[in-house]
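Visitor: Got a structure for you, written out below as structure tokens; questions coming shortly.
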């Protein structure tokens, strides 16, 4: 065929052959077709926001399949003959929303909305695959959609409402059969699925083939034997291994019918190599009840946690094995499972045209696959006495590669192993496959506790894990392998003791559920009414426009940074000559081209910022620092050009990357050291009965907003129109103006909704805004600068890690009298981050009354990017510290931590650390009501009983509290309310930024309440610098309320202007009233400003109070855990919108559990490069990491006299409650240590408290194993 054709949303497209062969479907949809509803973020098949559904015929049966894929890795030229549906194709506001879009909006399943189209399209594909889907299947198949905002619960509820067994209110299945028209690219009629086309086209720089027979494929491989080729199927491995470069030819394997074959006999099952993992699961599941194939149930269970559903839909079993062939270090679950089962491979030799059968192990040890094709995998039946068990231990529950995976096949007769077992492990090293010495030892052994202990010790001794900064420690992986072997051997002992009976079992996660209770204030409706965000529907339909969704402007250029690849050096030269030779590259810009000032941060009335260069002029301070900018006609050309800039350094110095090294080298920013003394701490030590001391550590969390940093600068007739995804428009405005030496009014800045922020778009967006503005000014062309995920993580600041040494003095009853804390925080290469050290001091007491404090905060310099605020930047470290201290005190007194905490809780009449007497302090009430509603006392007894009965699984309940001070910082926020007289519709613009927190909705609710009109009459428009100049940063949870109050004041001005006309025409409807006001020359536009002021407290306007009870369960043998139940009680005053505020609570809590259990930033200690710069190695929580049973209650009848409209801020406070997840896990492990070793010691707190840290804190060895 001479062309590539497909249908997109029912319209035929002839794909141009001028695009590079590596072009993805996502790039084509967004950049060529202009369908921006399909988002993009990771380019790694790891986040799900790019999901679309595809329908095509499969060669083996010509039947149609519809399923969801990650368009960011789907090759464009592979879609010939496909029907593609994007979010725009299934529903819109004009044509009507699809039921999935309606449901996710109704259930408040959107916040920033950037992930929402991908969520919708994943469900759309699932319903095509499983029209009668169950609630469990829904939860199992949302493993590929990351959402940083919502906490997942409302998304899962929305999708489970389609389940045929769902118990979700509003649950209703839909008829999916008519939703996909399956238009045939060949005939234009409804596709009958009868054609798979051969393809042979010359694309930009390469040849693209789709052979339809094995013989054709063989001939192509022979013809290109001396060329660089790439076989392509799902292409999902490019999300991991990205440096393959361009090839001479690409072979699309999807058309080769022989690769899809399937055959099942009484002794074997033959799977064609092109069988997708989804189909592998389906086909094996259909045969798992047959004699000899019962082990397939274990294989299927394991395969369901390989990658994510959209990867499994497209990746084939042969492709997975070939990735293992080319990259032996790849921890392939598929290989581990098949090798343990003794699978064989069918190999086609293209030179001879012959097929042969070989053991799968030969793929890694003998075979040279350069001229061969893997055509099939053959699974044998296993004898009835073979006990087959597999494991996968990962940093999170879903969509993560294994620390260690394992499959054990052990033939047994009673307790005797008959012959040699098969012990296969992945994740150990590139060359480790079998634990051969342990296999030899166990051969023909009769199991006893002595044999088990010896095997445990032997497997740990023989394995030699490869050390890597991205992997867990070698010791953990060795210990974990021993623990997994113990699990499987223990499982063979059917008469094992009751206390160890649960030892072999994995943690079981049942279907999740949630309960929310709240109070509405009907007399102020639509204000204080619970409901989804006003823009939920536009987000669910993909019609919400973010900066990078804005249509391409004529003559637009794309930009890309060249980044430093060392962390501390002096730049000698930048040579862009090779970059400028590339087709499409137009400009090279560096510090020498800057017209105005080369920095993008500044001091002002809110923050005192040290200068940060836009482009490094001489010195490099961190790996990832921008050095220069390449402009090009396409994004791919700009990216390639940026890579080709040659950087020469005259001096490269070893980087300082840890707090300990910075302390040792005396690199503290001493001029900003913060010391706080409360009471008389020196005297207090002599009055206490006991002391404890220890060290607490926390790592660095990346914001993981779904929309990466982006700015678009467009020259206009008298300036530059700047569009930025930022929380701080004023800083972007300032930086853009000063880099080109122009006044502020030269820049017209607009900030549409942003795709998540969490503090990460506070300061760093100014870097992009200034660079894009400079580029647009010099080139006199529009310039779009959008960071890919890898660059975004490398360039941008993160949550600062800290090390805190503490000492606490307390009385016999547990009342803490004095605390001393030495807090050292890694703030990067400038002292900017000292404001976060100060913020930690501000929140150091959190919820607990301690009369005497000595707190020293050290801001440490390292060769890292200056840190940025991350959700509750001060409260998160301080909560972890003080909650840990309370837990340590409890351990010293041999009491449950809950008892100690409730003794020390703040209550009315207490003075806080500022000497302010607390009034309206509901913390005690919140705590007690939570204990009652969560039935804590009864559940503590249940936990104790469970722990007495189970040695290798332990549970614990932790309670945590939150007193989060809220400050209306900065000058304040303004709003303009305009009424259009002819129809009475209302438009509002204001100074805050909508980033998922419901700002637009709350603003509209307030105006609707004042004017007495429907929300349908109101629209809130994006923030613009001309109407909201000098706007402060949108952060710290207060801007929704403040902007709403400004809008309310403006609406009250309008209402007062309209009052005489209303009195004159009392019966006029709203539209008539507006017309009459216009006729009477009433100005129907008003602006007001909500000035921020402190009242009677030196720091805070008021406190938000909350508490959480968290129950977790830990597998002692692996370190894995799950959150069984979380109950939260929160005092949010009179919530302006309870549904939105509960959504903020859930999102904050899940972001916190990521910080405390999973997420950390890893560095190459020699170069300073961030290694965890993508979804393969950085893992925020997914939908199965959330609490199984999640209950949130808003305290009723508690108006806040110091808040706006009696409300309280809620975006940041709940994150500190998630310290309870870490502390409950740690408490469970302490129960285990007490049982196993008789020790009642306190396990130090080290966040994130990963499975590795959890497991290693127990100290398991062979001496404590039991049967």
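Even glycines carry a Cβ here, placed using N, Cα and C.
Okay, these came from TrEMBL:
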BINDING   42, 47, 50, 72  [2Fe-2S] cluster 1 binding site
BINDING   112, 115, 147, 149  [2Fe-2S] cluster 2 binding site
DOMAIN    201-384  domain 'FAD-binding PCMH-type'
BINDING   374, 392  FAD binding site
BINDING   727, 758, 871, 1036  Mo-molybdopterin binding site
ACT_SITE  1212  active site, proton acceptor
Visitor: May I ask which residues of the same chain, at least 6 positions away in sequence, place their Cβ under 8 angstroms from the Cβ of residue 758 (Mo-molybdopterin binding site)?
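Guide: Listed in sequence order, they are 148, 703, 704, 705, 870, 871, 1151.
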Visitor: How many whole Å apart are the CA atoms of residue 149 ([2Fe-2S] cluster 2 binding site) and residue 47 ([2Fe-2S] cluster 1 binding site)?
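Guide: Roughly 13 Å, rounded to the nearest whole number.
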Visitor: Residues near the Mo-molybdopterin site, 727, 758, 871, 1036 excluded, by Cβ within 8 Å of the Cβ center?
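Guide: Result: 757, 759, 760, 762, 869, 870, 1034, 1035, 1037, 1211, 1212.
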Visitor: Just counting, how many other CB atoms are there within 10 A of the CB of residue 147 ([2Fe-2S] cluster 2 binding site)?
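Guide: Step by step: centre on the Cβ of residue 147 ([2Fe-2S] cluster 2 binding site), count other Cβ atoms within 10 Å, giving 31.
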Visitor: For residue 149 ([2Fe-2S] cluster 2 binding site), list the number of other Cβ atoms lying within 10 Å of its Cβ atom.
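Guide: That number is 30.
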Visitor: If you count other Cβ atoms within 10 Å of each one's Cβ, which of the binding-site residues 42, 47, 112 has the most?
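Guide: Its Cβ has the most other Cβ atoms within 10 Å: 47.
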Visitor: Starting from the Cβ centroid of 112, 115, 147, 149, the recorded [2Fe-2S] cluster 2 site, name every other residue in that chain with its Cβ within 8 Å, sequence order please.
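Guide: The answer, listed by sequence position, is 110, 111, 113, 114, 116, 148, 150, 706, 755, 756, 996, 1147.
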Visitor: Could you tell me the C-alpha distance between residue 72 ([2Fe-2S] cluster 1 binding site) and residue 115 ([2Fe-2S] cluster 2 binding site) in angstrom, no decimals?
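Guide: The Cα atom of residue 72 ([2Fe-2S] cluster 1 binding site) is 14 Å away from the Cα atom of residue 115 ([2Fe-2S] cluster 2 binding site).
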Visitor: On a C-alpha basis, identify the one among 112, 147, 1036 that is nearest to residue 47 ([2Fe-2S] cluster 1 binding site); the candidates are the binding-site residues.
Guide: 147
Visitor: Excluding 42, 47, 50, 72, please set out which residues of the same chain place their CB within 8 Å of the center of the CB atoms of the [2Fe-2S] cluster 1 site, keeping sequence order.
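Guide: Other same-chain residues with Cβ inside the cutoff are 26, 39, 40, 41, 43, 44, 45, 46, 48, 49, 70, 73, 118, 1175.
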Visitor: At the Cα level, what's the spacing in Å between residue 42 ([2Fe-2S] cluster 1 binding site) and residue 374 (FAD binding site), rounded?
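Guide: That comes out at 30 Å between the alpha carbons.
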Visitor: Using Cα-Cα distances with a 10 Å cut-off, which of the recorded positions 50, 112, 115, 147, 1212 are near residue 1036 (Mo-molybdopterin binding site)?
Guide: 1212
Visitor: Between the recorded positions 374, 727, 1212, which lies closest to residue 115 ([2Fe-2S] cluster 2 binding site), Cα to Cα?
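Guide: The smallest Cα gap between residue 115 ([2Fe-2S] cluster 2 binding site) and any of the recorded positions is with 727.
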Visitor: For each of the binding-site residues (115, 1036), count the other CB atoms lying within 10 A of its CB, then report the residue with the highest count.
Guide: 115
Visitor: Below 8 Å Cβ to Cβ and six or more residues apart, same chain only. Which residues does that give for residue 50 ([2Fe-2S] cluster 1 binding site)?
Guide: 26, 38, 39, 40, 41, 70, 71, 72, 118
Visitor: Cβ distance under 8 Å to residue 374 (FAD binding site), same chain, sequence separation 6 or more: which residues?
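Guide: For residue 374 (FAD binding site), the qualifying residues are 273, 318, 321, 322, 345, 346, 347, 348, 363.
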Visitor: Can you tell me the CA-to-CA distance separating residue 727 (Mo-molybdopterin binding site) and residue 112 ([2Fe-2S] cluster 2 binding site), as a whole number of Å?
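Guide: For residue 727 (Mo-molybdopterin binding site) versus residue 112 ([2Fe-2S] cluster 2 binding site), the Cα atoms are 13 Å apart.
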Visitor: Rounded to the nearest Å, what's the C-alpha distance separating residue 147 ([2Fe-2S] cluster 2 binding site) and the residue listed as 'active site, proton acceptor'? Just drop the number here, would you?
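Guide: Approximately 17 Å lies between the Cα of residue 147 ([2Fe-2S] cluster 2 binding site) and that of the residue listed as 'active site, proton acceptor'.
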Visitor: Rounded to a whole number, how many Å is the Cα of residue 392 (FAD binding site) away from the Cα of the residue listed as 'active site, proton acceptor'?
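Guide: If we compare the Cα positions of residue 392 (FAD binding site) and the residue listed as 'active site, proton acceptor', the gap is 34 Å.
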Visitor: How many Å separate the Cα atoms of residue 1212 (active site, proton acceptor) and residue 112 ([2Fe-2S] cluster 2 binding site)?
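Guide: Between the alpha carbons of residue 1212 (active site, proton acceptor) and residue 112 ([2Fe-2S] cluster 2 binding site) there are 16 Å.
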